[in-house]
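Let me begin by presenting the structure, written as structure tokens, before commenting on it.
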Amino acid sequence: MDGIIQIISAFIVIIEIIIGWFGNGFIVLVNCMHWIKRRRISTVNQILTALAFSRIYLLLTVFTVILASVQYSNILVTRREVKVIIFHLITSNHFSMWLAACLGLFYFLKIANFSNFIFVFLKKRVNKVVSGTLLMSLVFLFLNTLLINSYIDAQIDDYRGYLLYDFTSNITVSFYRVILVINNCIFTSIPFALSQSTFLMLIFSLWRHYKKMQQHAQRCRDTLTNAHIKVLQTMIMYVLLSAIFFLFLSMQIWRNKLMENILFIRFCETVAAVFPSGHSCVLIWGDTNLRQTFLSVLWWLKHRFTLWVPKLYCR
């Protein structure tokens, strides 16, 4: 019974991965086509394209790990192989989280309205701030990789140079739990906190702007209010998805009887996989150009389908 549930869980994750590939691939394709057509690309589209690439990389890495765990569940992996697996997981997750945080930071600096001189200074240099934030994140990536490699070197020696590639094994679960502690509690929490901060500051900016409108007896929405609401709608979904992702990934760290159950671990992984896949759908729906293109593609597919079905019955 446990084996059947694990297979179902793996199947659901694979479906989520396929949806994520299509969603993020669509973002990359549309933005690249507009880039070629117009011979220029905006900063927000650069971030969106890079974010979509990082999500494709993350989902591909997760898919490879799942496939390998199913096909080769009882083989021994060497120190180098463990490091390669962990490096790709850390790197893909790092850029996925930090690029999403940079996107939120970009929206915040572009749309929020504060009279503070520091904010005004950063607002005028929004592109440099975003680039600097992304470059600074590479320092955290280096430290993260260094700490985890040191841990792997120390632990693999205790396991006589090899580790069983079996995620149902208590030894393997304990080994990867410490890696989750280092990656999630220390490093992934930084871009997560940045995203939450920009989201809260956007809400505060909208509240202040709304108060000013009431003082001037303006009841209708202006352009700035609409921009706030549009971005907040996208960011609310991102905050919810990232919070669920962070929560269920962090739950695998807890040392209790529930976390010794491999089925609960699989459930956490299934829920966590919703974030990189579901967020791509949110980004498509929140961007006017991407949404219109997506609806045009759906209309074209529907039109082709209505033409194809009668021909099929005529045969």
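Cβ atoms are placed via backbone N, Cα and C, with glycine included.
On a predicted model such as this, the values are computed, not experimentally measured, just so you know.
In Swiss-Prot this protein carries:
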type: CARBOHYD; residues: Asn170; note: N-linked glycosylation site
type: TOPO_DOM; residues: 1-9; note: topological domain 'Extracellular'
type: TOPO_DOM; residues: 31-46; note: topological domain 'Cytoplasmic'
type: TOPO_DOM; residues: 68-101; note: topological domain 'Extracellular'
type: TOPO_DOM; residues: 123-128; note: topological domain 'Cytoplasmic'
type: TOPO_DOM; residues: 150-185; note: topological domain 'Extracellular'
type: TOPO_DOM; residues: 207-233; note: topological domain 'Cytoplasmic'
type: TOPO_DOM; residues: 255-266; note: topological domain 'Extracellular'
type: TOPO_DOM; residues: 288-315; note: topological domain 'Cytoplasmic'
type: TRANSMEM; residues: 10-30; note: transmembrane segment
type: TRANSMEM; residues: 47-67; note: transmembrane segment
type: TRANSMEM; residues: 102-122; note: transmembrane segment
type: TRANSMEM; residues: 129-149; note: transmembrane segment
type: TRANSMEM; residues: 186-206; note: transmembrane segment
type: TRANSMEM; residues: 234-254; note: transmembrane segment
type: TRANSMEM; residues: 267-287; note: transmembrane segment
Please list, for the topological domain 'Cytoplasmic' (123-128), how many residues fall into helix, strand and coil according to DSSP.
-> 5 helix, 0 strand, 1 coil
Within the same chain, the residues 6 or more beyond the ends of the transmembrane segment (102-122) and with Cβ under 8 Å of it are 43-44, 47-48, 51, 129-130, 133-134, 194-195, 198-199, 201-202, 205, 208-209, 224, 227-228, 231, 235, 238
Would the transmembrane segment (267-287) count as touching the transmembrane segment (10-30), i.e. at least 3 C-beta pairs under 8 angstroms with sequence separation of 6+?
-> yes
Taking a Cβ cut-off under 8 Å, which residues six or more beyond the ends of the transmembrane segment (47-67) line up next to it in the same chain?
-> 10, 13-14, 17, 20-21, 24-25, 27-28, 31-32, 41, 85, 88-89, 91-93, 95-96, 99-100, 102-103, 106, 130, 273, 276-277, 279-280, 283, 287
Residues of the same chain, at least six outside the topological domain 'Cytoplasmic' (31-46), with any C-beta under 8 angstroms of its C-beta?
-> 52, 103, 106-107, 126-127, 130, 289
Averaged over the topological domain 'Extracellular' (150-185), the pLDDT of the predicted model comes to 62
For the topological domain 'Cytoplasmic' (123-128), what are the same-chain contacts with Cβ under 8 Å, counting residues 6+ beyond its ends?
-> 43, 106, 109-110
